[in-house]
Structures are given as C-alpha cells and as structure tokens.
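Asker: The structure is given below, and queries will be raised subsequently.
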Amino acid sequence: MDETSPLVSPDRDQTEYSYQSQCSPGATVPLSPNGRFSALPGVVVRIPGTATSCGSAASGPSPPGSPCDQERQPLLERSQTRAAAAQAEREMNKFPDDPAFAEVVKKAEKAIMRDILPERISQGSSGSYFVKDEQGEIIAVFKPKNEEPYGQLNPKWTKWLQKLCCPCCFGRDCLVLNQGYLSEAGASLVDQKLDLNIVPRTKVVFLASETFNYSAIDRVKSRGKRLALEKVPKVGQRFNRIGLPPKVGSFQIFVKSYKDADYWLRRFEADPLPENTNRQLQLQFERLVVLDYIIRNTDRGNDNWLIKYDCPMDSASARDDWVMVKEPVIKIAAIDNGLAFPLKHPDSWRAYPFYWAWLPQAKIQFSQEIKDLILPKISDPNFVKDLEEDLYELFKKDQGFDRGQFRKQIAVMRGQILNLTQAMKDGKSPLQLVQTPPVIVETARSHQKSTSESYTQSFQSRKPFFSWW
C-alpha cells in the first residue's frame, strides 16, 4: 500500500515510533529515504512520553480533530441532530408574511396538544379533516398529502374500488399525482396575486394527530417511543420526536355562513334576485371564472364552490313596527382546488369541463370591472413571470418535485392566460371563453444566450373521448 492510498489513515504517522531490532544488540536500523523505518522484522514500541491511551492522565487533552477527540463526537452530534430536528419541526409552520394565518395555525396546534383533535370529513373521496380551536370551533380544513384521492393512506375505499374494478379510468393522466395539496395552495396564491379574494387563505402546513390515517408501523413506533420515555427516560430522550410524525398538507381557513352554490342557484332561479344583488353575483361569478380558467381546474361542479347570501336587517328599526332590510350581500368562496394545474389539457377519456359554463351567468360577456382588475396584470409579461416564480417556489417544496413536469404545468397556464386575455379584449363571455381551442405556450429552446425569453405557441388537436363529461 503506497503513501497516497486512500486506505492509509491520515493519523498513522502522527505518533513517533522506535524500532528495536531482534537481530543483534546495538545494530542500527536503516531508515527509508522519507525518514521512516524500513520493513525489517522486529517489534514496534511507543517512545516514552507519548500518548498511551485516550483519556489517560499522561496524554492530557486531545487536540481537536484527533482520533481521541473524534471518539467523543458522536454523542454530541446526535444530541445536536436531535435539537436541530426539533427546531426544524417548530419552524415548519412559520408564516412571517401572514401573521393572521400563522395565528390560526397556532390555535390548531394548541388544540391538538389539548386533545381537541381534527375530525375527519365524511364527504369526498380523500382524507380531509375539520381542524378546531381550543373551544371546539372549526377553524380550518386540513388535507394531508398521503391521504389524497390517489395517496397511499387514503382512508376512503371508493378510489381503491375504482382502481380495482376499472383501472383504465383510474386517475387523471393530465394531473401530477399526489400534488393536490400544492394545487390547493397554488390556487390561493393565484387568487392573492390577482386580487380576486374568493379563495379562503390556503398554505402548506405540517400537522400530527391521532385521528389522521397513519400506517401500522408509524403507530407502533410512536407507542414504543412513548413507552421508552416513561420507563427509561434516558433512552427516550434520545429520540428526535415522541409521537406520530407530522403530515404535510394543505391548510385552508374555514369560511362560515356559506352554502353549496347549487342550493342558492336553485333558490335564485325560483325567486329572482333584485337587480343590484344580481349584479353582485355576476361580478363574483366572473372572478370564479378567471380563477378556474387560469389554473385549469378539472373538478369544478356546482357543489364545490360556495355562496354566502346575507340579508341583514337594521337593528335600530327592528324595535318599530316597520323593519328596514338592508341591501343583501353576496360573496363566493372557491374551495376544493386540489385537482388543478394540469401538465396537459385533458385528452383521454374525460374532458373535465367547467360546470358553471351551463349557468345563465356564463352567457353574459365579461364586465368592465373584471377587465379593469385582471387585464393590466395578465397582459404584463413581468407579472406573469413573477407568478411563475412564486408557483415554482411553492411547488418545489414537494419531495417528488420534477422540473420538467412543472414546465408543462406552466405551459398550460400560459396558454390559459393567453386565451383569457384575448377573450376579454374581444368582449366575449365565459361560455365563449371555454369554447376557445386550448393552447400551450412553451419556452422556446435556443442555443444562443439571450436576456429575454421566447415562447412557442401550439394548439391541442386531440380531444377526449367524452367531450361533455
């Protein structure tokens, strides 16, 4: 083995050695040219006064980086690793740019610590939970990533049955699987950037609760760690975490006094709204159209967006015989945005249409109010680029993030923005907008460096088998 071999310890020659020959007394031992002893038979002994063992009195304190010092490192490193892991978990749910949202998350964490646990929602095809505060009031909806419709720990059996009985129709090949929680947060981000204010604030959050659907291994490990902490505290304190591991998912603020849109739309059909109130509904509806079209929501029916219809009465006049009724207020909340941001337009079995396109509100051309709000933004390339970068920062948090798939998602979104911009400029209606041929706008590849990006536009010719479903 030569001196440059990687198997030679760097500390091999740090201690001086003397060579005592067994051939004849007083014989000198030849040295190699580099000052080391040649390979003659004999006994190697330490020169008196050198370190004899790690931690001995004669050796004194070990210098940093020496083998004796390295022997003391693992325990310290493990404790530092545990502390770093605990600190990382505490910093998972930090939102310095949104203190109001951070306060709601903190309330949820305190409630879970007091065993006021999230409650699983019976509706839907995935594991989603009502999150409560310490008073037991619902404050948010949490959707873990691994309990999504196609997640490994989805507690609902409907998707498993669909996969078993009809595998050809299982999943949506236009979507990135198990990315619904990012889609929920991404829809909220787009809503904020465009000042639509119809999506309840949604962000990526880490939570742990006994009511979540965990694997048997995780539950056994959690019980074992708790038992070790109770019986042998010194051993239990070595664990990075005591309890179930936190789950990553979307955390959406719960909105009160809202009902399914289908309920109110039927009421409004039987009992038409006053002109001013109907105008409010139309303006709110157009915001929903803008959001759904840009993110290409593939799951927008009339049962997963909400309407709040508030008819306040004047409390001052309620004491009299006459009751003054104030003008009603209508607001829309766009929830269930987990099946958006496709990497291609639907072209297989189903078209996944926007069901609001069959409503009478969709036949009215876009108002000047929505044009003034949206057109200056989506017509600005810098704004669109900034939106893409914000979505990139959000989506790259996923462990399975794929840059190529993200580029395809952005290409679809650019095409949607292009169609929406042109439809608003041409004075079209939402119904005419969804009838526009789908477009994909990709970044053009160039071998020459340039300060500006160029794009290529392409139309999708292939149509899904069921164009109405």
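Each residue, glycine too, has its Cβ placed from N, Cα and C.
Worth saying up front: this structure is predicted, and the values here are computed from it rather than measured.
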Asker: Looking at the ATP binding annotation from Swiss-Prot, with S122, Q123, G124, S125, S126, G127, S128, Q252, I253, F254, V255, D336 already listed, which candidate in K106, K107, K143 is the matching residue?
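Answerer: Answer per Swiss-Prot: K143.
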Asker: If you check Swiss-Prot, which stretch out of 82-102, 208-228, 334-354 is marked region 'Activation loop'?
Answerer: 334-354
Asker: Quick one: which of 121-127, 443-449, 450-456 does Swiss-Prot have down as region 'G-loop'?
Answerer: 121-127
Asker: Which range, 241-249, 259-267, 367-375, does Swiss-Prot list as region 'Important for interaction with membranes'?
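Answerer: Region 'Important for interaction with membranes', as annotated by Swiss-Prot, spans 259-267.
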Asker: List, by number or range, the same-chain residues at least 6 past the region 'G-loop' (121-127) whose CB is under 8 A from its CB atoms?
Answerer: 141, 143-144, 147-149, 151, 153-156, 158-159, 180, 212-213, 338
Asker: Please spell out the DSSP helix, strand and coil residue counts for the region 'Activation loop' (334-354).
Answerer: 0 helix, 2 strand, 19 coil
Asker: Which of the listed binding-site residues (S122, S126, S128, Q252) has the least company, meaning the fewest other Cβ atoms within 10 Å of its Cβ?
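Answerer: Least crowded of the binding-site residues S122, S126, S128, Q252, by Cβ count within 10 Å, is S122.
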Asker: Is it possible to get the count of other C-beta atoms within 10 angstroms of the C-beta of G124 (ATP binding site)?
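Answerer: Other Cβ atoms within 10 Å of G124 (ATP binding site): 15.
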Asker: For the ATP binding residues given in the record (S122, Q123, G124, S125, S126, G127, S128, K143, Q252, I253, F254, V255, D336), what is the largest pairwise C-alpha separation in angstrom?
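Answerer: If we measure all Cα pairs in S122, Q123, G124, S125, S126, G127, S128, K143, Q252, I253, F254, V255, D336, the largest is 21 Å.
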Asker: According to DSSP, collapsed to three classes, what secondary structure does Q252 (ATP binding site) have?
Answerer: strand
Asker: What mean pLDDT score does the domain 'PI3K/PI4K catalytic' (115-443) have in the model?
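Answerer: Value for the domain 'PI3K/PI4K catalytic' (115-443), mean pLDDT as a whole number: 89.
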